[in-house]
Structure formats: structure tokens, C-alpha cells
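Quick look at what Swiss-Prot annotates:
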- Arg19: site 'Transition state stabilizer' (SITE)
- Tyr24: active site, proton acceptor (ACT_SITE)
- Asn76, His82, Asp89, Leu103, Ser104, Arg113: substrate binding site (BINDING)
- His102: active site, proton donor (ACT_SITE)
Amino acid sequence: MSSTILVIHGPNLNLLGKREPEVYGHLTLDNINQQLIAQAEQASITLDTFQSNWEGAIVDRIHQAQTEGVKLIIINPAALTHTSVALRDALLGVAIPFIEVHLSNVHAREAFRHHSYLSDKAIGVICGLGAKGYSFALDYAIEKIQPSNPN
């Protein structure tokens, strides 16, 4: 395995499959992670996953990614999307490109969910496509970090 991609899941995503399945779907976080790991393995990419309900732990994991040589971060910051300058600063501080993912369409929900502290710095934002959004983000990430085929 060559390059590394880190997938970060924010607060309450450990409750996937139980919490508001009509909004977030029926897959568990473990289901999603296993699908992503298998998808990355097919491309000979190392994929690490991390979930925390604690903002500081997520910031620490972002900092750690820089020392590990992570090439790209896929992050679902969950509720921290709308509140965390610390996450924004951590992502900018490590200068690792990132894709922001949301299971639900945050723009079709409550007004307070419409603003993201990360979107303007992300290389892309995917929302409203459920767990497939992670898969689409990973497809793009793999394409972005793998060397071009010279043929």
C-alpha cells in the first residue's frame, strides 16, 4: 500500500444506524468504514478512519496526520461544521487537502446548518447523498493522490 487517506467522523456519527435513520440512513459507522477500507484496498491505498465526539481529539488527529504523511483527509465534521473555528484552523495549519462530506443535505435542513466553517477551504463538498457521499469522495481522493498513468 502506498499513499494514505484519513477519514474523520465527527460527533454523534458513532450513532449511525440508530440515530434518525430517516435523515442519516440505516448503515452503521462500522459498515461505512468497512466499505471505504475495501474500496481503498482495491486501489492499493492505505485508509485510516477516526471518530470522536470531542473537538480536541479531532484537532489532535488532524495534527497527527501531518506527521504520518497523510495525503488527503475526508472529513464529516457533523455538528462541528457550524461551530468550529478550531477544526478550520487545524486543517489549514497542516495544509493537507480535504473533502467535506455530509450524509444529509445540510442546505435543506434547519437554517443554523447552512453555514460551514470548512467549505470555503475544502477542495470539494459532498452533501445529501448518504453514505455514497463518502464513496464518491474516496474515488476523487484516490484519483487525486495516485500518480498519473503515463500511457
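Numbers run from 1 along the shown chain.
Glycine is no exception: its Cβ is also placed from the backbone N, Cα and C atoms.
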Is Leu103 (substrate binding site) helix, strand or coil when read with DSSP? coil
Number of other Cβ atoms within 10 Å of the Cβ of Ser104 (substrate binding site) across all protein chains: 18
Would you identify the secondary structure of Asn76 (substrate binding site) according to DSSP, in three states? strand
Fewest other C-beta atoms within 10 angstroms of its own C-beta: which of the recorded positions His82, His102 fits that? His82
